[in-house]
Every structure is written in structure tokens, then in C-alpha cells.
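Features of the protein shown, as given by TrEMBL:
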COMPBIAS  362-371  compositional bias 'Pro residues'
COMPBIAS  372-386  compositional bias 'Low complexity'
DOMAIN    45-291  domain 'Rhodopsin'
REGION    362-386  region 'Disordered'
TRANSMEM  20-47  transmembrane segment
TRANSMEM  59-82  transmembrane segment
TRANSMEM  102-128  transmembrane segment
TRANSMEM  140-158  transmembrane segment
TRANSMEM  196-216  transmembrane segment
TRANSMEM  228-249  transmembrane segment
TRANSMEM  264-283  transmembrane segment
């Protein structure tokens with residue numbers, strides 16, 4: 001007779017023949033998040049290699065966190081595909097539990113502490129990159145890095161001490177380690193340390209949001225750039241919501257005997273939180289790459305040309321064929337187009353007309369004429385003044 005990994009609750013019987021698969025949410029979430037993480041990381045690397053051409057300490061820390069994040073996204077996928085995880089604990093025969101499946105579960109628990117700490121480090125460095133000149137924000141960011149590092153580094157130690165194999169390295173020793181009261185009991189050291197780690201993770205996300213909140217309105221950016229800033233802040237708010245859900249599902253998992261089935265929501269929440277956190281530092285890189293590919297970089301070696309007049313509106317003045325600027329084609333001072341009288345410029349395509357910008361003229365006066373300009377033909381009117389240099393030919397002497 002097969003013995004289940006955990007005894008079923010009252011009114012529930014074990015199903016060893018065709019158990020219900022619970023790992024579909026993990027597969028869906030990982031299938032969406034993993035391509036996003038790879039895409040944004042590629043954009044970030046392209047921005048550093050082609051656009052800014054400079055690597056900083058933040059970029060190296062980000063790549064380290066990205067590598068661990070990708071591992072933590074793919075690890076739950078391998079867990080739910082195994083014969084142990086992704087099913088209820090009472091539907092899993094004890095004889096089918098392998099050593100690798102238990103070690104994979106322990107590896108996931110152990111890596112949660114370093115993962116959470118690296119995610120907080122890259123968010124703190126991201127804040128220091130743009131708000132490092134504000135002293136109180138800089139001090140708060142470093143305090144958060146140190147405080148979270150102390151707590152998150154303690155969680156792997158607790159997991160290895162309470163859930164490690166007992167008196168050997170075979171399968172039964174690893175299973176006995178999971179059966180230990182300090183490992184999977186709701187009042188054990190592992191459960192308490194796990195709950196504290198999850199609560200601190202949510203609190204640190206809220207802490208970072210509160211640091212940035214009074215600094216965002218002080219930025220002097222354009223409207224589109226401010227929209228991007230608020231988009232980054234909204235993504236951080238979603239990270240905080242995911243961490244709150246992680247606290248709920250983590251506490252719920254320790255209150256149940258289903259140590260395998262109740263881990264599936266925890267896997268999904270960790271994947272989403274990791275993905276959103278890794279995307280946040282890449283959003284400015286996405287904007288810089290977009291500007292790099294769409295906005296021309298004008299310097300002293302750039303060849304400038306006149307705009308394409310064919311693309312102008314039809315309501316403007318008619319123009320001829322596109323040509324170079326007047327200065328490039330007319331090298332002699334005698335070729336100045338103002339040598340003739342204005343009465344000879346009847347064609348709108350003349351050089352004189354092309355040299356003038358297209359200016360919309362009102363068809364009707366918007367204000368009544370003043371007494372000074374009511375009579376344009378009066379001797380004191382500025383409109384009756386003769387300007388022989390501009391409007392008439394220079395008399396021959």
C-alpha cells in the first residue's frame with residue numbers, strides 16, 4: 001500500500017492514479033515573464049554598448065540580479081514538471097519522491113533570500129542614479145540596503161539548518177528533513193523566518209516607494225518624460241502589490257499540510273515580482289534606445305540639408321524643386337536676389353520669395369485701425385514713407 005507524502009485532510013482521499021495538476025498558473029506566468037525579462041535585458045545591454053558606451057557598478061549588479069532572477073523563473077517550471085511539485089501532497093506517493101525534487105525545493109527556499117536582497121539593491125541603486133544628489137534620499141537608500149541584507153541573508157541559514165538532510169545523504173534523509181517539525185510546521189523556525197522575510201520584502205518595497213514619492217514632482221522633464229517616470233512609479237506600485245500577495249500565500253501555505261500544492265501560488269507571485277523588478281531599471285534604457293534610433297544626432301560632422309518642401313502643407317506658398325541652400329549655390333556678392341526692384345518679383349518661385357519664410361497673413365484686421373494709421377497716405381504715416389533702397393532701384397549717378 002502506497003503511503004502519501006502528507007496525510008489528506010478530513011473528507012479528502014488520496015488519488016495516486018490520476019492526480020489533479022496544479023502547476024498550470026506557473027507555466028503561463030513563466031511563459032509570459034521570461035521573454036519580457038530577456039527582451040528588456042537585451043535593450044538595457046544595447047543601450048550601454050551602443051548608446052552610452054559606459055558600464056557602471058549598477059550595471060554589473062543588475063546583470064548579477066538578472067542571472068539569478070532568470071534562474072528563479074525557470075526553477076519553478078522544472079519543479080512543477082516533476083512528479084512531486086505541482087500536485088497535492090496527499091496525492092504524491094512517498095516512494096516516488098526523488099532526491100533531486102527535494103533538493104530543488106530546498107534550493108528555491110535558499111535562493112529567495114539572496115534574490116530579494118539583489119532586487120532591493122538594484123532598485124536602491126536605481127534611485128541613487130537619479131536622486132543621489134539629494135542627501136536624505138541617498139542615506140535612506142543605503143540604510144535600506146544594509147537592513148534588508150541582514151534579514152535576507154539570515155533566511156538561507158535557517159532553511160539549511162532546519163530542513164537539511166538527517167543522518168545521511170539519501171532520499172529518506174532528505175524526506176526526514178522536510179518532515180522535521182522545525183521545517184514544515186506552522187510554528188517551526190522555517191515558517192516563522194519565511195513569514196518575516198516575506199513581510200520585510202513587502203515593507204522594503206513600500207519603503208522605496210515612499211522615498212521616491214516626494215522626489216518625482218521635483219523633476220524638470222517634458223510631459224512625455226514625466227509620463228515615463230509615472231509609469232516606472234506605477235510599476236513599483238505593482239511590485240508592492242505582488243509582495244503583499246506573496247505574504248498572504250506564504251502564510252497560507254504554512255497553515256496547511258499541503259506543502260507542495262500550496263507552493264504553486266508562491267512560485268507564480270515570485271516570478272511576477274522578479275520580472276517587474278528587473279524591468280524597472282530597463283525602462284530608461286528603452287527610452288534612450290528609442291531616441292537613439294529615431295532622433296538624429298547633430299554634431300559638427302553632420303551634413304545638413306534643407307527640408308523636403310514637398311511634405312509641406314498645400315496651403316503654403318508654392319515652391320519649385322528641392323535644391324540646396326542659397327549660401328551654398330551663390331558664392332558671389334553680386335548675385336544677391338535683392339538687386340532688383342520688388343515689382344519684378346511676380347513669380348512666387350523666385351529666389352527672393354523662397355528666401356522668405358511662409359507666414360500666414362490675416363485676411364481681415366482683427367482690431368480697428370488707430371488714428372495714427374487710419375490715413376496711410378498722410379505725410380506722417382509710416383506706410384507712406386519711401387524706402388528707395390528696399391523698394392526702388394538705386395538711381396544711376
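From the backbone N, Cα and C atoms, a Cβ is placed for every residue, glycine too.
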Listed stretch, out of 20-47, 59-82, 140-158, 196-216, 228-249, that has the most CB pairs under 8 angstroms to the transmembrane segment (264-283): 20-47
Within the predicted model, mean pLDDT of the domain 'Rhodopsin' (45-291): 88
